[in-house]
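Here's what TrEMBL has on this protein:
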DOMAIN    377-460  domain 'CHAT'
REPEAT    48-81  repeat 'TPR'
REPEAT    88-121  repeat 'TPR'
REPEAT    168-201  repeat 'TPR'
């Protein structure tokens, strides 16, 4: 019908949707289309909103300099057209950017400006968001009483306006705060409430696997926080089940739909142990939080056992190198050549690899990787991820449920203290989750007997 203004708004809404799902590049694409149309029809209000949204996309992609540039453009236009609501949003976004840069004084100044305007214009959602951001700054500087007050205000407002996502994030923030204070039962309560709310929102995504994966990646901190606290409480079994429930959810949903005719296999609290059905002995479930490695060992007829190791000791504290798990593994993979470029017959995949390489280079600059000799990489990985549980593994079969970057770890090639490769001692299998194993085992015997081909792809291609 030639409604260019409406077309622009629709593009902006699509950008919001993809940004919420964690697809930041698609979000940026739609925001640029909104900006283009807003300029074309001389919609200054829409132009300002598009600048602010593009700032959010660049912020999510880690380009803070570009984000601040767009946030200031939004602020300038909002003031020009008298858009108080937009002005408040721009202040809040600038606060986020400066918070990420470590300039907490500037951040809290902007957050307070956002809060003031949100109250003036009756923007309850913005008011809650500002309180949440202020709470994060207070927690960062150790003002925990003030932080708790801010988070509780977020929770109160989110319930009032029916904002389930903000309510879930408020519970997650309170969980983290209580965990830092050593009040573990309260931390468990809030982390669990956050997970329940996020799962109820996730149900709305139906069969959109990519959306579910992106959504899960954005909100994984609640699962990680819960199992981390349960480990600290000594609840080894329960911690494993929580870590498992957060693992490969979209894949499990797809398998349920494909293998079980849509019959749900979601577990209740009393059914957690059923996930261990058909799990072979010598199953090692790996979960990593920052620089802490947790290894659960499941063996037939024995209780679940937990062993832990740390990256500390494998990275010098005086090296100036980040001890985060991701940084450490990136350094190891660089030495091993795991992510070296391979030219593809499909040249579009080469473009994807080049994009990935640029992202990796930026990550290296921000977080220098430890220098580990290539010959020592395989032994180092063994020391961290297999040696702590070596005495618990019996027989000649080993199943590994890896976490995050460990998915491309060459487990078969890991070397023990005698320079013996792991594949010389065990037949090794790798699976995405315990639930996916159970679903495969529960299928009819002849279900997988088909002549279809199995295509094995590169997990680095996204």
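Quick reminder: no glycine exception, Cβ is built from N, Cα and C everywhere.
Annotations in TrEMBL come from automatic prediction, not curation.
Residues 128, 132, 135-136, 139, 144, 147-148, 151-152, 154-155, 158, 215, 219, 221-223, 225-226, 228-230, 232-233, 246 of the same chain lie 6+ residues outside the repeat 'TPR' (168-201) yet bring a C-beta within less than 8 angstroms of a C-beta in it. Each residue in the repeat 'TPR' (48-81) gets a DSSP state, and the totals come to 31 helix, 0 strand, 3 coil. Model confidence over the domain 'CHAT' (377-460) is summarised by a mean pLDDT of 83.
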